[in-house]
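S.K.: Right, I'll just put the structure down here and ask away after.
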Amino acid sequence: MAEWEWEAATVDQLLDVQIYAADGEPLGKVDDLEFTTPSDGGAPVLTAILCGPSAFGPRLGGLVGLTVWAIGRRLSPTGSDPVRVPMTQVDRVNRREIRLRESARPLGTHRFADWTREHIVCQIPGGSR
Amino acid sequence: MKRIFAVALGLVTAIGGFVDIGNLVTSGVTGARFSMSLTWAIVVGTIGMTVYAEMAGRVAAVAGRPVFHVVRERLGVRFGLFNLLACCLLNLLTLAAEIGGIGMALELVSDVSYLLWVPLIALALWGALWRLPFKVIENLFGVIGLSLLVFIVALFWLPVDWGSLTSSALHPSVPPTEAYTTYFFYAVSLIGACLVPYQIIFFSSGGVEEGWTRSSMFQMRLNTIVGFPLGGVLSIAIMATSAVVLQPLGTDVGHLSQVGLPVALALGKVGLAFAIVGFFAATFAAGAEATLSTGYAVSQYFGWAWGKWLRPSSAPQFHVICLITMILGTMLVLTTIDPITITLVAVVLGAAAIPLTFLPVLVIANDRDYLGDQVNGRFANVMGVVFLAVTVVVSVVTLPLLFWTRGGA
């Protein structure tokens with residue numbers, strides 16, 4: 001499980017925190033959080049971090065949020081499900097950043113960067129350096 | 001020795017980086033219309049820029065956090081996005097103004113309309129961003145931009161009545177031919193020309209790019225506390241040459257050539273050549289910085305990899321944002337909107353947007369989790385709060401003034 005280097009007083013302190021890959025590459029921000037209520041009816045537990053337009057849009061709310069969500073739903077291979085990083089894939093959490101484990105890479109956090117690199121940047125002369 | 005050179009170079013680029021199309025146009029226009037009676041606005045704007053940049057620079061150096069990182073963390077996702085959109089729009093206007101400025105400088109040399117130069121300029125700017133290292137862009141044009149110092153030389157060469165010039169600066173009054181609203185509109189434009197959002201974003205992100213740490217604080221403070229005020233002095237000198245030469249003639253400034261006219265009168269062709277080279281370098285550097293700032297702001301808001309020190313393939317979204325910005329900015333100039341008008345609108349709206357990014361920086365600068373022992377002292381906080389109050393007043397009056405005076409007509 002993730003190592004917590006600080007005590008978050010409220011959950012919203014975790015929102016909008018910067019996420020880094022294991023090698024230090026910036027991946028995005030915490031757009032939303034997933035909580036699960038245990039089957040024994042206890043207090044909800046933080047189970048995953050959600051990223052991407054389908055998590056970001058609903059947080060904006062209103063027509064703008066709906067538009068962002070709809071665009072994300074059409075462009076994403078997983079439909080309206082946001083990129084979900086289970087807490088088991090999180091290495092460390094502190095007030096300023098969240099660092100993922102090496103094994104988090106296939107989860108889809110790199111998808112947008114990979115797409116722009118392949119389809120735009122590498123097509124421009126000098127872009128594939 | 002090497003260290004002294006590096007420090008001096010940083011200082012020089014801070015002076016060169018301070019002056020862009022906004023300062024050239026607003027100083028030229030106000031000097032010709034109001035003589036020196038708006039000097040106070042440049043002073044207010046420059047002090048504000050110093051206070052803000054020192055705080056943002058400290059947050060960048062100690063916490064490694066550039067401005068838009070802080071904006072989303074402190075203001076949340078919605079207000080942060082509003083902030084981001086406002087900033088991108090302003091950067092776009094600024095970029096269009098700078099491209100127009102480069103075009104006007106080339107038009108002065110070549111007699112070919114600036115519009116024909118625009119596509120070439122855009123290509124050159126984007127090529128520079130795509131291939132040249134960050135240091136080269138910042139230092140090369142910052143140093144060449146110093147040829148604007150020719151305005152100070154020209155001022156001493158001209159037959160100046162120093163007594164009336166300083167008394168006009170020290171006892172500001174609205175000229176009888178001008179309305180109060182116009183006077184304050186141009187005051188806001190001068191404040192906005194000194195206090196530009198893209199420069200702050202560029203300054204703090206550039207600090208992170210260059211790997212500032214606590215030990216870079218001396219250089220950072222020197223640049224903000226000495227470099228920026230010297231840039232302000234240069235703006236005042238441009239205003240003064242315009243006041244001395246253009247005001248008695250009753251000329252309105254509608255082109256960069258009129259801003260350079262006093263230098264040509266005082267120093268002839270050589271002087272004018274220096275002025276044009278200065279115009280070109282200052283606006284070219286500013287165009288590059290405004291584009292990069294947009295890439296920085298968007299990438300920092302969404303948490304993507306950003307920076308010129310990364311190869312394009314390592315920060316793909318950042319480079320795509322810069323490219324889109326460049327295309328949109330070029331299209332905006334090609335609509336043939338007068339570049340001087342775009343400049344004025346960009347600087348007054350920029351002045352109105354300052355509190356949006358300053359507030360989160362002020363909050364983080366007081367957060368010990370981020371800055372440790374380098375949090376704001378009492379002096380920085382007093383200055384910060386006074387400055388925040390001034391900029392809030394400016395934001396409130398800007399739009400009414402813009403419409404009331406029809407853009408300072």
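Keep in mind that glycine also has a Cβ here, set from the backbone N, Cα and C atoms.
Here's the feature list from TrEMBL:
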- B:37-60: transmembrane segment (TRANSMEM)
- B:81-106: transmembrane segment (TRANSMEM)
- B:112-132: transmembrane segment (TRANSMEM)
- B:139-160: transmembrane segment (TRANSMEM)
- B:180-203: transmembrane segment (TRANSMEM)
- B:224-246: transmembrane segment (TRANSMEM)
- B:266-286: transmembrane segment (TRANSMEM)
- B:318-337: transmembrane segment (TRANSMEM)
- B:343-365: transmembrane segment (TRANSMEM)
- B:385-404: transmembrane segment (TRANSMEM)
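Thinking about packing and proximity, how do these listed features fit into the structure?
M.R.: A Cβ distance under 8 Å defines the sequence-distant neighbours of the transmembrane segment (B:112-132), meaning residues of its chain 6+ beyond its ends; these are 99-100, 102-104, 106, 284, 287-288, 291-292, 308, 312, 319, 322-323, 326-327, 329-330, 333-334, 336, 339.
Proximity of distant same-chain residues to the transmembrane segment (B:318-337), defined by a Cβ-Cβ separation under 8 Å and at least 6 residues beyond the stretch ends, is recorded for 88, 91-93, 95-96, 99-100, 103, 115, 118-119, 122, 125-126, 129-130, 287, 290-292, 294-296, 298-299, 304-307, 310, 312.
Tertiary neighbourhood of the transmembrane segment (B:343-365): same-chain residues 21-22, 25-26, 29, 48, 52, 55-56, 58-59, 63, 65, 67-68, 70-71, 73-75, 82-83, 86-87, 90, 93-94, 96-97, 100-101, 185, 188-189, 191-193, 195-197, 200-201, 371, 375-376, 380-381, 384-385, 387-388, 391-392, 394-395, 398-399, 401-402, 407-408, selected by CB-CB distance under 8 Å and a gap of 6+ residues from either end.
For the transmembrane segment (B:385-404), same-chain residues at least 6 beyond its ends with a Cβ under 8 Å from one of its own Cβ atoms are 44, 47-48, 51-52, 181, 184-185, 188, 191-192, 195, 345, 348-349, 351-355, 358-359, 362.
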S.K.: Considering pairs 6 or more residues apart, do the transmembrane segment (B:37-60) and the transmembrane segment (B:139-160) have at least three CB pairs under 8 Å?
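M.R.: Contact between the transmembrane segment (B:37-60) and the transmembrane segment (B:139-160): absent.
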S.K.: Can you work out which residues elsewhere in the same chain, 6+ from the ends of the transmembrane segment (B:81-106), have a Cβ less than 8 Å from its Cβ atoms?
M.R.: 20-22, 24-25, 68, 71, 75, 112, 114-115, 117-118, 121-122, 125, 196-198, 201, 255-257, 276, 279-280, 283-284, 286-287, 290-291, 293-294, 297-298, 301, 325-326, 328-330, 332-333, 337, 339-340, 342-343, 345-346, 349-350, 353, 356-357
S.K.: By a Cβ-Cβ criterion of under 8 Å, what residues six or more beyond either terminus of the transmembrane segment (B:224-246) are in contact with it?
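M.R.: Residues 10-19, 23-24, 27-32, 34-36, 38-39, 42-43, 45-46, 49-50, 53-54, 57, 148-149, 151-152, 154-155, 158, 160, 165, 168-169, 190, 193-194, 253, 258-259, 261-263, 265-266.
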